[in-house]
Every structure is written in C-alpha cells, then in structure tokens.
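Reviewing the structure listed below.
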Amino acid sequence: MTDRPTITTTAGAPVPDNQNSLTAGPRGGIMLQDYQLIEKLAHQNRERIPERVVHAKGWGAFGSLKITGDISQYTRAKCLQPGAETPMLARFSTVAGEQGAADHERDVRGFALKFYTDEGNWDLVGNNTPVFFIRDPYKFPDFIHTQKRHPKTNLRSATAMWDYWSLSPESLHQVTILMSDRGLPQTPMHMNGYGSHTYSFWNDAGERYWVKFHFKTQQGHKFFTNEEGEAVIGKTREGYQESLFYAIENGEFPRWTVQVQIMPELDVEKTPYNPFDLTKVWPHADYPPVEIGVLELNRNPENYFAEIENAAFSPSNIVPGIGFSPDKVLQARIFSYADAHRYRLGTHYEHIPVNQPRCPVHHYHRDGQMNTYGGIRTGNPDAYYEPNSFNGPAEQPLAKEPPLRIDGDMSRYDHRVGNDDYVQVRALFGLFDEGQKSRLFSNIAAAMGGVPGEIIERQLIHFARVHPEYEAGVRQALKTAHGYEADTISTAAE
C-alpha cells in the first residue's frame, strides 16, 4: 500500500477517507462542509459533454500514413513526398445514430483522418462513400433533421427520410449506395474510405490540380444483410468497437491503400459533369486512381474519452501544398466543423492533447475559456498584437498558395439546373449483379415500411428514370414485403 499514490482533491489536498460521507452522527444528515463529496458529485454531473450533432457514435485508433508513390510534381506537401511517414488518428462513425445507437445499423459511415504533419495538422473528414445526399450546404440541416428523431414522437421517421429524398433527386446516388450491400459493412476494417469532396494540390511552380482521395481496404469488402445485422445487434450493440479494438490489440493491424485521382486545373471546363458536385464521382476511365501509399492503424487509444470523444476533425485544417475547391459543401464545412468544436469542446479545443499539432504553434489569439497556454502564443508577452517591434511571430509568404480561379455573378443559383442526377446512378446500377440488385430492392422496400403511398410513388419515378428494372424491382419488393399496391399515382408523385 505504501507504493500507491495518495488520492487527492483536484486542488491537491490528500483525501483521508474515500468511502464515507461526512455526517452528523452515524445516522445523521450530510454536512454541507463535506467539500470532498461536493467536488466528487459536481465532477460527475459534468462528465458528459454535448455529443456531436452528426457522427455521434464513433470508434478510433492511431496509426501512420506511409507514402510509397511519387506525386511531388503535383504537390509540395511534405507529408505526401516519397518516403514520408506521418503519425495519424482515424475515427469511424455512423451518421444518424446517437452515442447509444447500435453499430450495425444501415447508415453511411464517417471516415475521418487527422495527420500530425511537420507543417501542421491536416484533417481529411470523409465517409465510406464517394458521394453524399446533397450538393448545396443550405440543405444540410434539413437533411439531417430527417435522419434524426421526430420532434413529437421522438422516433426515427421513414416518412421524413423518403419524403425528403423523393423531393431531392440529387440524393439518389447516395441513397442507392446506402441501400446496396455497401450500406452495412461488417466492421470498420472492411470498408473503403473517401475524402468525398474535391480538394486541390499545388506545387512549388504555383500550378494547381484538382484531387480526390480514396482509401481502399486491404482486408477485403465484407457486408451484412439487414437480417445478419439485426442478429449481431441482438448479441452486441458495440460490434464495430469490439472488432476494431481487438484486431489492433491482437496485432492484426488494418491497412488501406491510399489513392488519388488528379485532374488538371482547366479540365473543369470540359467535363460533362460538375467536378465539384458532391453527388458525383469522377469516372476512373477519365482520371485513373494513382496509388501513393498505405494507411495503417496500429495503436488503440489509452482513454476513449480523451482521445476519441475529444478528437476534433475539421476540413479547414490543411497544410501547404493542399488546398480547397469551389465544392459548395466543402466550403460550408470549412466553417461549420470548427465552429461545432468550439461549441462542443470549447474555444481552445485545439489545445486538447489529441488535437494539438506536433509542430510549433504561434499565433495572436488570446484569453477565452480554458486558455491553458499562458495567455498568448507569441513567445513574448509584449508581442500581443501584430505588427509589432518585439520579435513576435511573422507571416510566411512562402506558404501562400496560387490564386484560385473563380468567376460568375453573385446569385442564389438553382443547384438542380444543368445537373443530371440519373446518369451516374444508372452506371452504378449497371455494375450490380442479380444478387446485388435483389438485395438493393429488398433493402429499399424494408426501409419504406409505413411510408405514405404518394411518397413511395414519387420515389419510384426517380428509380424508373435510372432504369425501368430499378423501379420494377423495388415495386415487386414492396408488394412482397408489405403487400403494397398503388391504387393511383397522386398529383404529388406526378
């Protein structure tokens, strides 16, 4: 016992008794002066922090990014040069479920990566699918509301989901992926990851290239059917956490092959689709993926709350050689993610150890709640403004990226005008074999249980525009699963 550390209060005072409250007699009331009890209860009341608005349920691990290819002609980013090895953190998640949700629900999976580079943190905050449900961020809150609980019933609403999707044809690509085999991976290790957005590379010559990031699982793709997923949930609600944690604990380190698609800057003027549209992919035949490295996860967190729940990923975190694009949803996420962290974790969330850069940090931000770095980070207390004459941090012109080409008049443009929301879905549907199509149809039918007929018919019209077989297959699956028969097609459906 003499070798064990002494329990103390948070102020450092030794605690003589950690078993009994301070009372007036053995049966008496609690004394208000029992500051040890008050402190213990007060801390318990504050153990939980607000959960993420989306991607609340997550699992994570540490590892490394090793660059084996050569893309130095496209980017000056040091972490992407041949032979570079960068420590990193990955967090996988579901989108809709709360922290207590089951892991094996059909949902898009988050695939968020934080690279601790010598030039600052680089965050790539993607999903396990290359597209998403929206192309304009103005609709993101509305879409997420359909994935969360109904304000009156406090239940998930299939009606809300399909009503929104049927009124938003740009969602069809992601809906098709979600309802396919890819919508329910067996584990985080058996799915791909994608940056999803279009980013950019820029090199020392000031040349810009558009880029998409892909992370292809080396463990192979493994998926569950709805019935298999339900069986797993009946045994454990933490299947993803268990599989990831114990694989790493047992030395079975998961790996992903890192690939990039690269598009010359001026190619955006000749592609038949908008390369910055989050609902679209770049055809591999036009822009073949180039293998550049390997992502490996090899260390579990020592404390889940400190290192995974406190982790803050933001697309705004980039490094020299990597830039943004006119992708509208990316532009909004640059603001919204960092802002969400300031609400959830506090003004100085980047000073939480798991979020701290591994390189020197100097800036003129000061004060604020939970300021733990001594007021300012300039190295000189007299240099608390800029410009100054006291050797405070100075700007680095060499980090300036080349100009980004933009044009056009300011307006609220209809994002559906000029966009074909069916051609790429048709190409994807054509890749499915008969078994995959059958499961797609039955998954959609299962998800439509209880949805009003006019909403179903409106969605079936979208499926028909992709391919007649798509619409017919879902209609037959609806009849088999629910006895669904359309009496008439409503005005709304038309």
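Yeah, the Cβs are placed from backbone N, Cα and C, and that goes for glycine too.
Swiss-Prot annotations:
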COMPBIAS  1-23  compositional bias 'Polar residues'
REGION    1-25  region 'Disordered'
ACT_SITE  His55  active site
ACT_SITE  Asn127  active site
BINDING   Tyr337  heme binding site
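Where Swiss-Prot records a feature, it is marked here on the structure.
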residue: His55; record: active site; DSSP (3 states): coil
residue: Asn127; record: active site; DSSP (3 states): strand
residue: Tyr337; record: heme binding site; DSSP (3 states): helix
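Take the CB of Tyr337 (heme binding site) and look out to 10 A: across all protein chains shown you find 18 other CB atoms. All protein chains shown were included, and the count of other CB atoms within 10 Å of the CB of His55 (active site) stands at 22. Spacing of Asn127 (active site) relative to His55 (active site) is 10 Å (Cα to Cα, whole number). When DSSP labels each residue, the compositional bias 'Polar residues' (1-23) comes out as 0 helix, 3 strand, 20 coil, counted as helix, strand and coil in that order. Taking all protein chains in view, 24 other C-beta atoms sit within 10 angstroms of the C-beta of Asn127 (active site). If you take the Cα of the residue listed as 'heme binding site' and the Cα of His55 (active site), they are about 12 angstrom apart, rounded to a whole number.
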